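Below is one structure; the comments refer to it alone.
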Amino acid sequence: MTPPLIELEGIRRSYRSGDVVTHALRGVGLSIHAGEFVAIIGASGSGKSTLMNIIGLMDRPSDGAYRFGGRDVATLNRDELAALRRGCFGFIFQNYHLIPTVSALGNVEMPAIHAGAPRAYRHRRATALLTRLGLANRITNRPSQLSGGQQQRVSIARALMNGGAVILADEPTGALDSKSGTEVLGILKKLAGDGHTVILITHDSKVAAAAERIIRIEDGLIVSDSGPDPEKVSSSIAVVPWQASDSSPPLWTWLEEAARSAFAALAINPVRTALTLSGIVIGVASVVAMMAIGRGAQASYIERASAIGTNWIVVDRAGESTGNSLPLTPADAQAIKDMDNVSGSMPAMWDMATMRRGNIDLNTDVVATTAEFRTVHNWDMAKGTFFTKQDEVSGGPVVLLGATLASKLFPGIADPSGSNILINNLPFLVTGVLESKGLSERGTDRDKRAVMPLRTATMRLFGKDDLSEIVVSIADMSRLHETKEAIKALLIRRHGREDFYIYDSASAFQKAEDERRSSNLLLSAIAAISMLVGGIGIMNIMLITVSERTREIGVRTAIGARTADILGQFLTEAVVLAAIGGVVGLLLGAVIGVGAALLFGMTVIFSVTMALGALMGAVVMGTVFGFMPAYRAARLKPIEALARG
């Protein structure tokens, strides 16, 4: 006689609710051999379902011993029990317990997915099982598109996917019409005939009559047992003791299937998914667009500032000259030029004037200066010639035009040199056009100005010789601070007081950089808060998802999903959700950046590193905030999950 496949000795199961203890099983002893077709019959509350759950390793007894294939299952941990369920048991439930978002083929494949079987094998075997059960033309249908009988056949195919050495059928005909019920019982009889151990749980004596052995249970005790078929017990069916396996699906297969399931689950409620994504999308888009615009602004600032050199100091008057202050004068500029480490000193007077040519009138800046203008600002001519030393001395009526100003006064004329214009109704000769320098660091157009000799402006236009500023070029920028202090001391000696102020290109750059950093910090904080809100949204939606899919968790666990499988499944969904939000955020950020460039003429510079960092931040956010819901799902016991679902 072969040893029993299933041995139960003194099995008890009690449940406590407050101070009330309910005894579902009161010392059940039972042996079932491989290949038997057994029906366990009892009324509602008799303990038959509790007994099935213990036999199927979905629940543990409060007391007693259970051996499967000769091994005490009490020694197995949670994942070892899952492996045993996955490899040896197949479950057929009264309410089918099919996953509604997955096709018939996908439902049948699921046990093999958790076993790590290759996709081609899974597809081939699941198709063969469904075809064998008469569902060849329903493979791609979802459960909602199948009748009750068809859904139960899908459930049977799922139970057989990993072999199904032991088939546990819990009221398999309870939700079916008589014809479908008869068909299901016929399938179970055939499975028993093929060598499967079939355990049928029912309250109906007519259904139980289909089995070869009938066990009756009442009030948690077995009250009758027709006994096993002696021929089956003494048959040559050998029971190979089962060994727990710690093997798991290959990582890539596991990730692929988890991601596939995640996308399917998220597609169920696209509106809710989109709303959950919004926080992550806004956060990532803010980071990408902000950094692109910020980097572009910084590059533009440096480019604009570099157009006229970056090795300068500006000495500016402290306000209008009064009795208590002295104006800046050309003599001050000359004194500065004679100092050590000064390569050029440009006196400058700024004022507005009206330019006229024909019927074209323009109000623009006039810069009155010396030939030092070219040296200090590194500004060459595009057309014509710079004014001469003789022009400076005589104050001749000559003027140079910026590129923008020239194009407005002389539209369609490439070189206006030699032409005459009126400035404040006085005639001036245009001797040349300056090369284009673009916008200043303050955003004003450097090319929309006129330049003339200092003496010319003093004598003919402005009637004053007070300088607006003195621009000083520095030979050695490493001695910038030393030179600034020397200029300051010189002017205090000349003026008798500090009635001026000095700033330099480095300070201007630093100020602009500080402002940019402050702005970026503020926007980064806003983006971080947005992503934090998005992460909390992911956690909330995943908690809701776990609650809504409790039955699915129970089904997956019943068919052999490990704790890591469930944890990974829901954690992957959270990460996929965050990653989708991150990718959409990247695209939106790129659109915002490009839109800013096209609509406002802004320079934008995208950073691959920053974009990847923002995307990784979103993924990390999904991982962190998705862990708690995933962990909660992974800790659900199969029997509890099925009952709550």
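Every residue, even glycine, has its Cβ placed from backbone N, Cα and C.
According to Swiss-Prot, the features are:
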type: DOMAIN; residues: 6-244; note: domain 'ABC transporter'
type: BINDING; residues: Gly42, Ala43, Ser44, Gly45, Ser46, Gly47, Lys48, Ser49; note: ATP binding site
type: TRANSMEM; residues: 274-294; note: transmembrane segment
type: TRANSMEM; residues: 526-546; note: transmembrane segment
type: TRANSMEM; residues: 574-594; note: transmembrane segment
type: TRANSMEM; residues: 596-616; note: transmembrane segment
For the binding-site residues Ser44, Ser46, Ser49, work out the Cβ neighbour count at 10 Å and name the residue with the minimum. Ser44
Taking each of the binding-site residues Gly42, Gly45, Gly47 in turn and counting other Cβ atoms within 10 Å of its Cβ, which one has the fewest? Gly45
To test your reading of the ATP site: which residues beyond Gly42, Ala43, Ser44, Gly45, Ser46, Gly47, Lys48, Ser49, same chain only, put their Cβ within 8 Å of the Cβ centroid of those residues? Thr50, His203, Ile217, Glu218
Across every protein chain in view, the count of C-beta atoms other than its own within 10 A of the C-beta of Ala43 (ATP binding site) is 12
Once near-sequence residues are set aside, which residues in the chain of Lys48 (ATP binding site), 6 or more away, have Cβ atoms under 8 Å from its Cβ? Ile40, Ile41, Gly42, Ile201, His203, Ile217
Six or more residues beyond either end and a Cβ under 8 Å away: which residues meet both conditions relative to the transmembrane segment (274-294)? 516, 519-520, 523-524, 526-538, 540-541, 577-578, 580-582, 584-586, 588-590, 592-593, 596, 602, 604-607, 610-611, 613-615, 617-618, 621-622
Give me the mean pLDDT over the domain 'ABC transporter' (6-244), rounded to a whole number. 89
For Gly45 (ATP binding site), the three-state DSSP class is coil
